[in-house]
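One structure is given here, and the rest of the page talks about it.
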Amino acid sequence: MKVAGLIWFLPAIVAAQSPTVTLSPWQTGMVTEDGTCGGSTGFVCSPIWGACCSKDGQCGRSSKFCGEGCQPAAGNCNAAAPAAPGPGSVSPDGSCGGTNKFVCGGSTYGDCCSTLGWCGKTTAHCGSLCDSTFGTCGPPSNITVDGQCGANGKVCLDSGFGDCCSTDGWCGKETTHCGAGCQKSFGTCSSADAGDISTDGFCGKNGKTCKGSTYGDCCSKDGYCGKDGHCDAGCQSKFGSCNAETGISTDGFCGKNGKTCKGSTYGDCCSKEGFCGKDGHCGAGCQTAFGTCKADSGTISTDGRCGSFNGKTCKGSTFGDCCSVGNWCGDKKDHCDAGCQSKFGTCNSDASDISTDGFCGKNGKTCKGSTYGDCCSKEGYCGSQDHCKAGCQTGFGTCDEASSNISTDGNCGKNGKTCKGSVFGDCCSEYGYCGKGDTFCRTGCQKGFGLCTGISSDSECGTRNGKTCAGSGLGNCCSSNGYCGSTASHCGQGCQKGASSACLTKDIPSLDSTCGNKVGLTCAGGPFNGQCCGSTGYCGTTSTHCGTNCQKGFGRCN
């Protein structure tokens, strides 16, 4: 474009050296970059787009552009009409080959010529029936050739397998592909199921989701779509996105995993088995630390059983005031010392440090003898199995032998300690300190004492494994899904800058049909190439998108 611009201005430069020549405005203005001209754009036309600027602000060559309404300040309205196209010319009408011998390369219809004699860019034009004599053949790099889509950066549109990309990453045209979970960034989704997205800001009880709505991606506990406060406590994860740090259960599990049911979509009560719900979940054994419970859920034991077994308390029972680790009421040392459940009765003073709510570590509580498990995980939760492995805090419970080599003070390397699983971060820096981020995990990172991020070797990157695509040979862009590549799907919208070196900074193609000034995305160059950016900020091909108020510079406009 810059070379063409210089050629276009060459007569102007020569003329400017002669004091007897007066240049026309269209010879000195800024050459258009997208074919728009005149009016508020300030652009002038060039031979690349056509020398005439129409009354609608578009560059071209025909009488439609050079005739009535042509803007002389933005183009040469006296430009000679182009010669009639002949054999070997770029197709002016979408036809190719045959008797006219038109070629598709560089046409607005697509670069591939089908054996039926039409230019296009679909598999039908570029695939096995493509005529290479009059165009290029082979599917566009971002269209799937094996039916897989989404995570691999491939789109289904015009693939021949079906235009919809299912939640599992397969192209098709059935409800399972085009309905719930359909990935609209990698194909089309049926309008019927797209109706699951809230259009009025209400969500939850009406079955509508906020994910992808214009009001915000989070569904509040009161049933309204939005962001910020809508994404915190009470946020309904079943009907949109929610902040991970809220601590509210998003999968129906509670208690041992540290999650609370209060505000979850499954019910506000956490049962003794660790499931969110209502009614039966709120009675005997209900865990008050992880949700709401019925007022009588902590009644006094009448059979000697207590604690996590049935939710009964020993305080005031005829069996003794202490509830043992084995869930029996009594007043002996075995009941009132280590493992005694203070939540369900009284305990000797030396048992006060034992966690009664499943939390440990930072709060000074130990898991040894608790009802949740003897191991304190690196996140600060009591449990067993995985809680006892990497990151297990030996100061607040028991841990597997292998975990004893994990740094507990942030130092690593020379002292033989590893950072993998430590509370400070998994990477050991060249200076012998545990942490996370580039300072610890890249240059000088000690691989023998923790994790080190580096260049991807299997195309996975960014949020998937912390690897970068830069210099990988797989493409220098890390897509929003965590895969290396160089297509618009990788380098455009959602490109992870921290794991890439070639993310687009302007003219970024839209992957989800949003476009225009507000989001800074264009319809051109991606899955919506050739479409118009409407006034509402979405790509499309209808008169609503391409007519009045079409956003110029963000796609095609009529």
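Even glycines carry a Cβ here, placed using N, Cα and C.
A TrEMBL annotation is a machine prediction, not a hand-curated record.
Taken from TrEMBL, the feature disulfide bond applies to Cys52-Cys66 (among others). When secondary structure is read from DSSP and collapsed to three states, Cys66 (disulfide bond) falls in the helix class.
Annotated disulfide bond per TrEMBL: Cys112-Cys126 (among others), in sequence order.
When other Cβ atoms within 10 Å of the Cβ of Cys178 (disulfide bond) are tallied across all protein chains shown, the result is 25. Look at Cys178 (disulfide bond): DSSP puts it in a helix. Sequence annotations record features per position, and here TrEMBL assigns disulfide bond to Cys164-Cys178 (among others).
Feature annotation from TrEMBL assigns disulfide bond to Cys322-Cys336 (among others).
DSSP gives Cys427 (disulfide bond) a strand state. The disulfide bond annotation in TrEMBL covers Cys427-Cys441 (among others).
Annotated disulfide bond per TrEMBL: Cys477-Cys491 (among others), in sequence order. According to DSSP, Cys477 (disulfide bond) sits within a strand segment.
Residue environment of Cys532 (disulfide bond) contains 25 other Cβ atoms, counted within 10 Å of its Cβ in all protein chains. Following the DSSP three-state reduction, the secondary structure of Cys532 (disulfide bond) is strand. Annotated disulfide bond per TrEMBL: Cys532-Cys546 (among others), in sequence order.
If you look up TrEMBL, you'll see 34-79 (among others) marked as domain 'Chitin-binding type-1'. Summed and averaged per residue, pLDDT over the domain 'Chitin-binding type-1' (34-79) gives 83.
Among the features that TrEMBL reports, domain 'Chitin-binding type-1' is placed at 93-139 (among others).
The feature domain 'Chitin-binding type-1' is assigned by TrEMBL to 146-191 (among others).
Annotation comment: TrEMBL describes 303-349 (among others) as domain 'Chitin-binding type-1'.
According to DSSP, the domain 'Chitin-binding type-1' (409-454) comprises 7 helix, 7 strand, 32 coil. The domain 'Chitin-binding type-1' annotation in TrEMBL covers 409-454 (among others).
If you look up TrEMBL, you'll see 458-505 (among others) marked as domain 'Chitin-binding type-1'.
Residues or ranges marked as domain 'Chitin-binding type-1' by TrEMBL: 512-558 (among others).
Summarising the annotation, TrEMBL assigns signal peptide to 1-16.
Rounded to a whole value, the Cα-Cα separation of Cys427 (disulfide bond) and Cys477 (disulfide bond) is 24 Å. Cys126 (disulfide bond) sits 20 Å from Cys164 (disulfide bond), taking the C-alpha atoms as the reference points. Two recorded stretches are said to be in contact when at least 3 C-beta pairs lie under 8 angstroms, sequence spacing 6 or more; the domain 'Chitin-binding type-1' (512-558) and the domain 'Chitin-binding type-1' (303-349) fall short of this definition.
Taking the Cα of Cys66 (disulfide bond) as the reference point, the closest of the disulfide-bonded residues Cys164, Cys178, Cys441, Cys477, Cys546 is Cys546. There are 30 other CB atoms within 10 A of the CB of Cys477 (disulfide bond), with all protein chains counted. When the C-alpha distances from Cys164 (disulfide bond) to the disulfide-bonded residues Cys322, Cys441, Cys532, Cys546 are tabulated, the minimum falls on Cys532.
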